[in-house]
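Enquirer: Structure below; questions to follow.
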Amino acid sequence: MYCFRIIITGDGYQGHPGITLRVTDLQVIAPAEVTEGESVILTCKTTCSLTDPTFIWYKNTHDLTTNTFKSNELHLQRVSSEDAGSYNCAVRGSEHLPSPAQYLSVRYPPKNISVSISPSGEIVEGSSVTLTCSSDANPPVETYTWLMGTTSVGKGKTFTISNISFEDSGEYKCMCSNEIGHQNSTSVTLNVLYPPKRVSVSISISSNQVKESSVTLTCSSDSNPPVENYTWFKENEASPVGSGQSYRALQSGLYYCEVQNKLGSERSAAVSITINALNGMNLAVYAGLVVLVCVCLIGVIILLKMKNKRTGSTVDQSIKQENLYENVTKNQVDPAFDSASANQDEALYAKVVRRAKDAESSDADASGSGEDEVQYASVRFINSGAEYRPSNAEDPSVIYSSVK
């Protein structure tokens, strides 16, 4: 831009046909603005006739490069936000007469987004926290959106959480948008500190021996920072009965735990434990098992004795059946036969057949030797006369043969 003034003498002035201004200085011709990623050409223009000029370019009053240009154009490829600034040019040898500066504006989406937390330091449940979003954008950011995870929770450059609770803990980020585009900030974490809450007691029962059963109580809670102290109490007793996250109960009663961190303490509801009933139940179970085992053993013994007794009886019966006796009686001989053989020894044969045994003995006999099938007993006696003796009188000539 050029300014001028006219100084005259007298009371007034007039010009006809007017004044013509011819600018012979250098000028930079460039677009007013360009979008990031595009290419642009800046031209150093003059109306003067110059012989083989060499041009020098400046950005923000600093030499753009140590090289000189024979052409009066400066080419910028894929401009970025760093290319924005004031440009001017000069001719070598007349560096003291540079062109007026021409500002190049580069439009780009939000970048360099950051989130600050106020107040800084620890965040305690119940306090108030403000998040502030900052960014670099051209044109300026039009919309700020606050996200917790992927859920939108607020709008605006700042986001305030009053009376913050442990449920507000998590990662936050802001999304900035302008007409060129949008961009998210990196996440910041709100770590809300709170005293213990939701304290509960769980019961674990173990029984490894007949005479001993144990009950283990375990205390659980939700707190930030973590619980520092666990203390166990039995109701109606002033002094603690134990410490630590787990406690082994040895007596029946109502037990509860109290937990504490640097922000406060909280106690659980009482749980009822009955040790004697538990031991009695175990004793009854084990006693029943012992009785059952004893009954089974007695039954097995009785069955074995009965089986042995039956086996012995069968053996005795077999022996009795083997010792058989057959009465062999002298046959009645007619007189003719008796007289003819008066002086000879009379040989009589009696056919002896074994008595039939039971099925098992018969099968065994069938597989035995042939001697058991038919046996003959030879009866030899001296004839003392041919006189007749009644058969029903006791005959001294009766011989018994034992067949086995």
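Glycine is no exception: its Cβ is also placed from the backbone N, Cα and C atoms.
Quick paste from TrEMBL:
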{"type": "DOMAIN", "residues": "17-105", "note": "domain 'Ig-like'"}
{"type": "DOMAIN", "residues": "110-189", "note": "domain 'Ig-like'"}
{"type": "DOMAIN", "residues": "196-272", "note": "domain 'Ig-like'"}
{"type": "TRANSMEM", "residues": "283-304", "note": "transmembrane segment"}
Enquirer: Quick one: mean pLDDT on the domain 'Ig-like' (196-272)?
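Expert: Averaging the confidence scores along the domain 'Ig-like' (196-272) gives 90.
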Enquirer: Per DSSP, what is the residue count of the domain 'Ig-like' (110-189) in each of helix, strand and coil?
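Expert: Taking each residue of the domain 'Ig-like' (110-189) in turn, the totals are 3 helix, 49 strand, 28 coil.
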Enquirer: Using DSSP, break the domain 'Ig-like' (17-105) down into helix, strand and coil residues and give each count.
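Expert: DSSP classes over the domain 'Ig-like' (17-105) add up to 3 helix, 35 strand, 51 coil.
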